[in-house]
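Notes for the one structure printed next.
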Amino acid sequence: MAGIVISGVSRTFGAVRAVDNASLEVGEGEFFTLLGPSGCGKTTLLRMIAGFTELNGGEIRFGSERIDRLPAHVRDIGMVFQNYAVFPNLTVAGNVAYGLRARKVATAEIERRVEEALALVQLTGYGTRWPHQLSGGQLQRVAIARALVIRPRVLLFDEPLSNLDARLRVSMRTEIRDLQKSLGITAIYVTHDQEEAMSVSDRIALMNAGRLEQVGVPVDIYRHPVSRFAAEFMGTTNLVPARMVGRAGDQFVSLRPEALHLASDAPQDWPVLSGTLAHVELLGPIMRLDVKLSDGTVLKAAMLDAPDRSLQAGATISLAYDPARLTVLP
Amino acid sequence: MKLGVPHNLRLPVAIAALGLLFLGLFLLYPLFNVFSASVLDADGERLTFANYAKILGRPFYRAAIANTLAIGVAATAITTALAVPFAFALARLPVPGKAAILAMAALPLVLPSFVSAYAIVLLLGRSGIVTQWLQSWGLGFGSIYGAGGIILVYTLTLYPYVLLPTIAAFKAVDVSMEEAAQGLGSSPRRTVWTVTLPIVMPAVLAGALLVFIETLENFGVPFVLAEDMPIFAVEAFKLFIGETAPNPASAGVLGVLLILTTALVLLVQRRFLSARRFATNTRQAPPILRIGRPLQVAATIYCWAIVILALVPFFAIVVLSFMEFRGPVLHPNFSLANFGGLFDRSLRPLVNTLVFATLAAACVTLIGVPIGYVVSRWRSGVATLLDVVATLPFAVAGTVLAIGFVVSFNSGPLVLTGGPLILVLAYSVRKVPFAVRSASAIVHQIDASLEEASISLGRSPFQTLMRVVVPLMLGGILSGVVLTWVTVASELSATVVLYSGPWRPMTVVMFQALEGSGAGIATAAASTLIVVTLLPIILLYRLVRRYELSML
């Protein structure tokens, strides 16, 4: 187990700078997420840590040991892949034992540790099954057990949940997080799903076009995005010119939908914006509104559903916002 | 970092280096020698085009080129015209016995075509059985010697090259495309012409070009049937036998021209096919069309007729080999004398065939599978070069490669002529393209992240190749071994140039019996070859992936 230090790492493919001078420190035992849209470089960075992609510059250390020039198979990494990558020609137990056999662990100990690992991912008794007999969720558990059982220095997750259905995704991510915390293994997790990232991570590095856009704890990035990209990628937001909310300058301001309330429900001293209700939708507990202001700007607002509220598209509506929740963006 | 090669590229680089070394030594070097023989003067010192002028100045050789091309075009056109409706019937019409038809349709690809040609001579030749029978009724027909007979045999033996990929293409057509056409008001018949056929066209053309190249390179069929009609591959062989070995200038000229022709055809194909690739996303196999009874009967007769006609010559040879020959004259009595005559002196040729085929199949697999892996997994200039070089033997006639072998390994540091190894190496080089294509197609279907998972779990790239990739490829590899084995066992064009003394395989025995008057021995040798090539296919039928036959 070790922390990870990434300093000045770059990689280009042809003319594309996939990862551009990235530096990061991941603490020991931390659950760290690389988040960003497809093509932002998060997978390339993960694959450089794993040893499947060469660095053009910079270095990567596990603790004090420099690893970026080591062959991938001696880096002692547990990796979980998007498409599970469970060996179809081996049983569940054979898959989990694979890394132990490579390490020449004694047979009796392999058996014990495989059982243990399968119990960890709640697959006790599945050892003799074949991969084609398992569901997607079970396959991903096998892949996780296989990565954990070798007691790696670092765990890497490459969008491990994106092939699962929505409900399973939510329960699996909690499970992955709990497992990682109970074992205390440093983990780097790649995803494009902002909600997933916020749910599991100790810290997040938001990536855009090969660069690290913002690094921080999830709530900080959400509440205090440092750029328009960060504000828009981390959840939904309204980007409005600063002048509209009574600020000087040409900058933009991020105003989260949930910071807007119906004026009637809001404290007296909150500023008010009026417009017509263009669209309203109820998504279970949350109600979403699109409000068109007189200058044509459309503001998105979200609030909890209330039984006595009735809103019709086309009606005139007044929204108030919490001035403390405005973020001015550069 | 001593090597300067990144660690995750060391395995592909090593494989590519070994592959290029092998192909450089046993493919490029011999071909270079053929080429240089064709452009050097008699002393081998000065560059000259005199050899080309000499060959091309003679009407005989110009005729050889024209004949070969004309026969190739005609055979390709007829084969395609027969095979496309056949493929459509098998893929989309209610024809009974499809599995049996498919199994039998693949056989001509592994059976030696010159055996079929010889059977045609025995049946329809000047003193052929059918000819004489018809004559006794006062009936006659034109000569089967020359272009007609050659085209007939090519059609009967090469049609699976078009049939197999076209069936696959018809089955891969997305039904929703046809449904869309019909939804737009197109009749089923018009839909076939305007939607289905254009989609399968690339597969048809790819198959047709295989047929064409095969006709350019074929040695055995024209050798048996051409008589005094000059044909490319046969004349190159005769020129070479007649020339002094160190400087086969004239044979070299024909060889270079032959390679250029096939390379040109392949280039045209690549350009054309890469521009038109109609990949369709198949959700389900297209449905069997409903047709009237008369059409169904017609389609059934059509399919069965082609399949059976193609196999009749082989069947006839087997039957004839158990009859009594006195010289070239057949007597309709059961007799084992032919096999007695064949095996009495020695079992050596049969043993040679079995040993050569086994060694070559092993060699091809060891070279072709790793190259196929690299070509499929590693995107780089070196991998592309390797792919091109490994595909090159496909464009090189066996006769030409063999001439290059003799010139290259007759003297100098590596002498192979006169031994068995030269045959095994020539076979291996000839079959490498098949192994590479087959292996890279299989690797393509193996998820690359399986390998990464194995590596991250602590297995080196080489161990991963052996423990993850090879086990997953095993079915395909074994299928390739069987197919290589049977095609090597019946290889003739390189063999006739390279065999020597005690290292005669069965094909040469038959070839020599054809040249002499040992019709009985020839039929027995042909029968033996049929058994040797069919037996592994029948025994390992479940293992063999028939669609791969069309890649041979």
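In case you wondered, yes, glycine gets a Cβ from its N, Cα and C as well.
Bear in mind that TrEMBL entries carry predicted annotations, made automatically and left uncurated.
Residues or ranges marked as domain 'ABC transmembrane type-1' by TrEMBL: B:65-269, B:350-540. What TrEMBL records for B:12-32, B:64-88, B:100-124, B:144-170, B:191-213, B:249-268, B:299-323, B:354-375, B:382-406, B:412-429, B:468-499, B:519-544 is transmembrane segment.
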Stretch-level contact, the transmembrane segment (B:382-406) and the transmembrane segment (B:144-170), CB cutoff 8 A, at least 3 pairs: no
Cβ under 8 Å to the transmembrane segment (B:144-170), counting only same-chain residues 6 or more beyond its ends: which ones? 67, 70-71, 74-75, 78-80, 82-84, 86-88, 90-92, 102, 105-106, 108-109, 111, 113, 116-117, 120-121, 124-126, 196, 199-200, 202-204, 206-208, 210-211, 214-215, 218, 221-222, 225-227, 229, 231, 286, 306, 309-310, 313, 546-547, 549-550
Closest-packing stretch to the transmembrane segment (B:519-544), where packing means Cβ pairs under 8 Å, from B:64-88, B:191-213, B:468-499: B:468-499
For the transmembrane segment (B:249-268), find every same-chain residue at least 6 residues outside the stretch whose CB is under 8 Å from a CB in it, and list them. 31, 34-38, 40, 42, 51-52, 54-56, 61, 64-65, 69, 209, 212-213, 216-217, 232-233, 235-237, 239-240, 243, 394-397, 399-400, 403-404
Highest Cβ pair tally under 8 Å against the transmembrane segment (B:354-375), stretches B:12-32, B:64-88, B:299-323, lands on B:12-32
With an 8 Å cut-off on Cβ pairs and a sequence gap of 6 or more, do the transmembrane segment (B:412-429) and the transmembrane segment (B:12-32) reach 3 or more such pairs? yes
Who are the chain neighbours of the transmembrane segment (B:64-88) in space, where the CB to CB distance is under 8 Å and they lie at least 6 residues beyond its ends? 105, 147, 150-151, 154-155, 158-163, 166-167, 169-170, 192, 200, 204, 207-209, 211-212, 215-216, 229-233, 235, 254, 257, 261, 302-303, 306
Long-range Cβ neighbours of the transmembrane segment (B:100-124) (under 8 Å; 6 or more residues past either end): 86, 90, 130-131, 141, 144, 149-150, 152-154, 156-161, 163-164, 167, 218-221, 223-225, 303-304, 306-308, 310-314, 316-317, 320, 330, 483, 486-487, 490, 492, 507, 510, 514, 519, 522-523, 526, 529-530, 533-534, 537, 541, 546, 549-550, 552
